[in-house]
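According to TrEMBL, the signal peptide annotation covers 1-19. Residues or ranges marked as domain 'PLAT' in TrEMBL: 13-130, 142-257, 266-382, 395-510, 523-643, 654-773, 784-904, 1064-1189, 1354-1472, 1614-1732, 1745-1865, 1882-1998 (among others).
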Amino acid sequence: MCLCMISSFLFLTVYEVVTVTGDVKGAGTDANVFVTLFGDFGVSPKVHLASKSRNAFEKNKTDVFRIKTQNVGPLKKLRIEHDNTGMSASWFLDRVVLTDMIRPHLRFYFPCNNWLSREEGDNLFVRDLLGSLNPMDVPKLNKYLVSVFTADMKGSGTDADVFLNIFGEHGDTGERRLDSDKDNFERGSEDKFTIETPNLGRLRKITIGHNNRGSSAGWFLDKVVIDDMGNKEVYEFPVNRWFAMDEDDGKIQRDILVGSMQPMGIIYNVQVMTGDIRGAGTNSKIHMVMHGSKGLKNSGKIFLEGGAFERALIDIFNVEICELISPLSRITIGHDNGAVGAGWYCEKVVIYCPFTGIEQTFPCGMWLDEDEGDGLIERELYEMVSLRQKKQKKYPWSLWIWTSDIKGAGTDAQVFLQIYGERGKSDEIKLENNSDSFEQGQLDKFMIEMPDIGRLLKLRIWHEKRNPFAGWHLAKVTLLKTLTVEKYSFECGRWLDINEDDNEIVRELPATGALIDEPLPLIKYRVTICTGNVSGSGTDASVFLNLIGDLGDTGERLMFMSKNNVNKFEKGNHDEFLIESVFLGQVRRVRVGHDGRGGGCGWYLDKVLVREEGQPESSATEFPCFRWLDRNEDDGQIVRELVPAGDGERLFNVGYHIAIKTGSVNGASSDSRVFVKLYGEKGDTDKVILAVSDNDLRNYFETARTDIFTLDTYDIGKINRLLIGHTNEGLRAGWFLDSVQISVPVHGMQYMFPSHRWLCKDEADGKVEVEIYPSEVLEIEKLINYEITVVTGDIRSAGTNANVFCQIYGDEGKTEILALKSRSNNFERGTTEIFKEDIFSLAAVDLGVLKKLRIRHDNSQASAGWFLDRVEIVDAKDDTTYFFPCKRWLAVDEDDGQLARELVPVDEAFMKKGDEDEDDSEATLGLEQKAMSTTYTVRIKTGDKKYAGTDANVFMTLFGTKDDTGIITLKASKTHRNKFERGMIDEFTVEAVDLGPLTKLRIGHDNCGSAGWFLDWVEIDAQSVGQKLRFPCGRWLDRGEDDGAIVRDLFPNPLQTEFYTPFVPYEIKTFTSDMFGAGTDADVFIVLYGRDGVCTQQKSLCVNKRERRMYFERGAEDMFIVELEDVGDVIEKIRIGHDNRGVNPGWHLDRVEIRRLLRKGKGSETVIFPCERWLAKSEDDKETVRELQPSDIITEKLSRDGSLKVTEVEVEDALETHTYNVSVMTGDVSGAGTDANVFLTIYGDLGDTGERKLSKSETNSNKFERGSVDRFTIEAVDLGQVFRIKIRHDNSMMSPDWYLDQVEVLDVDTEEVYLFLCERWLSRKREDRLIERVFYVKVKYKTTGNPSNHADIIPYHMSICTGLERDASTTSRAYVIITGVNHTQTERLWLDLPDGRKGFQAGSLESFEALGSDVGEIKKVELGHDGATPESCWLVDELAVAVPTKGVKYVFACKCWLAKDRGDGLTARVFNVLDAEAIAICQKTIYELTVVTGDVQNAGTDTKIFMSVFGANGSTEEILLPKNEDRWFERCQEDTFNMEIDDIAPLKKMRLRIDGSGSRPDWFLDKVIMRNLSTEEVSVFTYEEWLSRTHGPKRTMICEMPAVVDEEVMVELTTYILQVKTSDVSGAGTDANVWVIVFGENGDTGTLALKESGNSNKFERKHVDTFRFPDILSLGDLSKVRVWHDNSGVAPGWHLEHIDVKDEYMDKTFRFPCDRWLSKHDDDGQIMRELACANNDCLDLNEKTKYEICVTTGDTEETKENAWIILEGKKCRSKEFVMENSSKKKRFLLGKVDRFEFSSKNVGDIAAICLGHTPKDGKKVKGEAYWHVEEVVVTEKELGNKYIFRCNALIPLSPKRDDHLTFECTKTIESFASKARSLVPVKYEIIIITGDEKGAGTDANVFITIYGSNGDSGSRQLRQRLRNLFERGRTDRFVVEMLDMGDLQRVRVEHDNSGLCPGWLLDRVEITNTANGVTTIFRCGKWLDTKRADGQIARVLYPKY
């Protein structure tokens, strides 16, 4: 039941709300009115009833509204309220009537008969009304007597307004203002109030508070007592607290539970963001209500006091309520409109509930202002589910702190504390200190939140003031977990004072209490810090130290008081300190550092000794360091973590590389100190100040720069969040943080933390620290740490100043070449007695066991010679140390003069020296080597921005899974001499052997010249692998930009990877004959053909002129190795030729040999193609291209014994050479001949001929003359069946234009003839100006548009609106993935723009259609793009996804960035359908449409063809048929494509229209065939005539064809005779031109012009004009006529009496009375009227009628028992009909359909049925039995309306009448008679609201077409005399009379683009049917402008309730 309620609640339903305003003076209101529905399933959101554009709620007026909201089930009560805005807000409401439109007989009446007003009656403007199905009932409300007791103490009374909300088990009262006329809430008083409300059941809590108004608002409330009069219960709510901003905890509103003293509060963190637009801020009081699931629970109204609500600021509130309602279903936010400039623009609200860890975002992006937009000052906001974040859960704790009651015990210092538990520790908690906290003898109470850290162990509490008066005597601290009531005590009783006790201001307190068996002891640790004995080793900086043990840590303690030295940390000192802390267990690490302040702050630390006080010195643990903590020495770090010496257990630290990007907004940089803290699965780090960066940009955190820091600490596991902030010091402390990237090479992980926000006291929310969660986690190369110690020998001048490099080799590979450098002066002969050690840490890929080390220096600088003693390398993974001894010079003038040495590890000293350098292989790459190597084409794009180019030397390295290329210098660009210039693409070729798949690419430059370079991307195409990879960069390689790097590692973007068939190498040998003049200098090319016409591209064998001169000499044998497409195992033929250029182009080719490797086994295959002919213009047959077939194949294969086996076979089934005779007929029209050169290509199913020039005609000396036939002979290898030709000319000579009539190809060998009908110009001046055409053979060859006929592939329509901000546009490719139920997904649907356009422009609206798999009901939509660089950002405003076959469209208001460096850093976002607005659109069916063009001369066309289809259930609009280049609608051709057509089957007729555009406007149409792909029904429409102004007997451009289904003609031809009677009224006649359209059950006639009448002067007063229209398809019974005139002539006004229409085929006359003016100056000014048919006489439908009920039983459960049914109609409910089952006539058998007929009163339209299943004789039922009902169809016999109920449910057998199932109507088929009956004239009020933006208004003429269930209105111009319409921000009203449209389905609004400023921003259209008062709202919010958005000036809008 519960699940059923939830699903019912999620289902939206439509309610009709009728409000009746009373007949009392001043009863009407201008305020906004809202209604909330309370039902069994839940509570609806607050729904706004009327817009400012309607004059609703006037005195004594009834208003009707349709609202669409959650289905709340049977109604319990209704809350109606207004927002008190407008001039006269008071409203006297008589009653409300509410109807569920799906179950219309359920009509609830809610009497009110009261004021909703601040001034009248009881001053309430929110009322809860109880409803009843009986209009005469007056339900009783319950009374609650509320007594409020104000305490008797100084200043306890208040002048503010007090509000109360009472919550019970059945809901709440809503907020009530407690006001009786006397002075309330005075000191010591009791105030009584009566509240009337529906019964709440047992009371649970109250919310009470005040609005802080008045001079003395503070209030001390003692208690509240509520007497429930109806239920005779009294409830007491003790409070005893201040409600004041300046007292206690500053709250002015509280939740109080019944009888409770201790609040079990749950805190919600609320962030309210005010928009960044002019005037966005407000001084009004903001309030909010949070609603829980299904709206059943809410927080009550919460006043957000103390917020600024200024433009672009974020205000943060911690709201405490006694209810867990997270996750929220929605929130209500509003203001009291009570200040000057009260309007407020709210951007969004973000609510985080620490208890559930859920953060929800509620976008608003609208004004709350009675003068802006829709005038609302309160809005319901819904969550954008896609943005929901799951954060760490935190639990509320109550913290009480007792300050001792001794003199001077209090403090005004800021107090901090940190709590430790068994599973971790809390963050540092700062206790907000009001001026009167921590006073002597006082108890202070705080609410804090902590993650689950297990049982508490200890607490550390401290303050930071070291001045004399900050001392504090703390008595004790208690902590209570409010949910589980766990309680801990922490006793202290000591001073935190620098002058008292032990002078410490930090205390650690062990936890005690019932849960602690034995508290941990408090002990002192003696810490000895030994400063080194090195020059300058002492420091004056502040040193801090943290001891870390198994049971926690001491926190960072300042080493302030040395026990043995006055001057601390001097050279050689041993300073002792005492640290008091709770027992730590074994001390594992010491973290020591200093703050880097002061002149000589650098410090050389030897070691730290730690022991417990009282233990002997020998027991101390030693933590060695022996390193600098100095920014300018060693690695520059000033904080180190030390581990014990000689422990064997080396706790290796993990390096966290933190790259911090500062934003590129004004003033983004910060001078403050930045800190981070990382939280991981295994623990968290300390808060670490980032003092020393790796890339050392000197000035940190500058605008648009990236700073990189390394944090070395213990392994915290997977990072789940990050805290980052700054200390808010310095002149410009504010900082705009763009993003943080953390790489952990040891884990192989990279985390992206987007921020894109201010950390600044004066910006946004004023926070200077923020917690961020990762947006994505990427896998990177896993690295491990190697520590390298280099020992320089102790020999005179052993040290070097040169740069030193090393490379380490291991089993698993090698490192890159690593530069060994740090900030100290390296490689010096030591100052210590022995030698100097330099230590370097580096991360590299895991090399396995180390094998050797190559070390060298570059001999730079003076005294470069170096004596290297040894190198030691520690592999941190398994703590192995490798020794590489050297003891040799690396110097030019010492030893053997070598600067490089290869060292091997000492224990493998006998290993032979690894000789890595193999000899260079031969220069020529043979076929085998080519096959082993990969050729990479590298394209490098330099960015298109200022100074992007570089003159530096660029180098790169490619890394594959197996190897890398080493450094490649990019010298020779194939595309530009001057490389790497702005916006250019340079191409390079790289050869490499066996790298494996590419994983990354390193690219950089040497910083020479004007070196800065902006690299956009690198693209690498590997043809032999068949993939093209894109490596995005989009960053500077420049010392002065970004992070200062000039070398970057790039990774491939998988979304931009292209795959294709891999190329294979071919060795091609050409043998030029040994005869005179055989050689050639021409460009020789070759094409290889495999089976089935598979061929390679045409490939030139020589690259340049030089090669052309070198090769193809007489008698030469030339070899080329080329990579070409793989044509398969068999090469059927080759085509070889040349371009006939150069000095001696003629070439005599002997043969061609092609060798390629075998696919299996080792060896190769050589195919020999003999030629022995000339390729020359002056020899043989003058051809320069030959096709050769293979004669022999030689195979060389390596056999198992190692010998080479050679076999030679002759090719037997080679293709033959065929001769083709080509006859070309030039047309017999003026100027048809051509002098240009003509070229022809013939295509067959076995291949093609290649392009051949038609040079020598065998029939005419002068080719291609008018009317002549030219014959040519072409020799080619057998093409098989010829199906296509391509023919072109080169537009040369004087008269190149050519009219080609036809081409005939005769295959001489098979005697087959192929005819190609052309009948087209090839001309740059005529027709479509093309000189190349493709023709298909005349055999009705089928072409297909949308090939997918699969039922499971359906069309999706997407539209994307791009935002208007800077950088909003993108050139990336966008895609959509649609996800349905059970995670079914479409493939990635790429949204490529038409016309080859690149990118989405700012402000554009782009539409796409894509075919994808049917995923059922859509759940999620992912939108993304393939851009991976920081530049490729995209701001998406709105995404709409429509599924025409389902009749639904989802609109997602995205308003979010898809960008690496904007928003949350994601380039793809998943939108949940719950975030979308679902709109019902026309449901479409997919038809396969085949259009057959006739076989008549010039039958083909390129005009635009429009189609309308008419069916029994309506008609389509005109649809333009798609065209695909010049292959559509050609003579004798069938064109097939899929179309989406409205669901109107069965089809009756089709209308086709051509518009006469194009170069060939005439078309001979044979027929059209339509196949419904879901039902497979085929309809044929035959015409067999011209559509043309100039051809054929009809000379018409429009035709109608009846549908023929199974040889039955659906519609017959008839003649219509129209008799038009003009009235006998003065001036009734007209001179204007008149048109009509007649509508009937088979559609309409189309527009008929009333021209030819028997009267010479038409439409004169009292005359009848007769018009004949022969050969029109009969419409059957007629329903209406639309008649209009064009207002031309002297007296256009016309008074029409009636029109009679006679159908001669049916011999029936239909009368359409009018008796109205069609005149702009008379009546209502309309010149178009719709006339209903008077024949459709009204049946009296209150009489009885008959219902036929067809029941289909399913295939699982049949029954022998009876069934019963009740029909629920919109008028009433039928009685119960029993469907009897007897033994004679068995019913309800599996899969059978049973028919029943019943007489009944007419219940109106049937909305639902109740089905029951009952035993025949009423006996009791034993066990469970069911009946499976598949479908029920109810037909009302009088009018023939059909109601279909798809049930597919099991009905339980039960004697009870309550046990039934209710089914709502799935589909209604309204009969024609019923529709025609409902056509009565109705006035519609059309309200057009123009948007309020610059240039929103239009001067164009605006037209509207309204579509309803009864048809359409026709296009109506919206005009008013002497008014300037459609101006910016304006509302325009029009009243148009039309025949009743039924339910409005959509409207089409358009303008004619006339006037000076035609562009128009239409906000919305509201249409009210004045007959029933129903308003339908159509939202638009889009431009109708040829220059904006998508350039459309017509929009189709769907209703929004």
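Using N, Cα and C of the backbone, Cβ positions are placed for all residues, glycine too.
Worth saying up front: this structure is predicted, and the values here are computed from it rather than measured.
Each of the listed features needs to be described in terms of its position in the shown structure.
Regional average pLDDT for the domain 'PLAT' (142-257) in the model is 89.
Across the domain 'PLAT' (523-643), DSSP assigns 3 helix, 60 strand, 58 coil.
Look at the domain 'PLAT' (654-773): DSSP puts its residues at 0 helix, 60 strand, 60 coil.
For the domain 'PLAT' (1064-1189), residue counts in helix, strand and coil come to 9 helix, 61 strand, 56 coil, using DSSP.
When the domain 'PLAT' (1614-1732) is classified with DSSP, helix, strand and coil residues number 0 helix, 64 strand, 55 coil.
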Where among 13-130, 523-643, 654-773, 784-904, 1745-1865 do we find the most Cβ pairs under 8 Å to the domain 'PLAT' (1882-1998)?
13-130
Of the listed stretches 13-130, 142-257, 523-643, which one has the most C-beta pairs under 8 A with the domain 'PLAT' (784-904)?
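Comparing 13-130, 142-257, 523-643 against the domain 'PLAT' (784-904), the winner is 523-643.
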Among the recorded stretches 142-257, 266-382, 654-773, 1745-1865, which has the greatest number of Cβ pairs closer than 8 Å to the domain 'PLAT' (13-130)?
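Looking only at 142-257, 266-382, 654-773, 1745-1865, the most contacts with the domain 'PLAT' (13-130) come from 266-382.
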So, taking each listed stretch (266-382, 654-773, 1745-1865) in turn and counting its Cβ pairs to the domain 'PLAT' (142-257) that are under 8 angstroms, which one gives the highest count?
266-382
Take the domain 'PLAT' (395-510) and count its residues per DSSP category (helix H/G/I, strand E/B, coil), listing them in that order.
3 helix, 63 strand, 50 coil
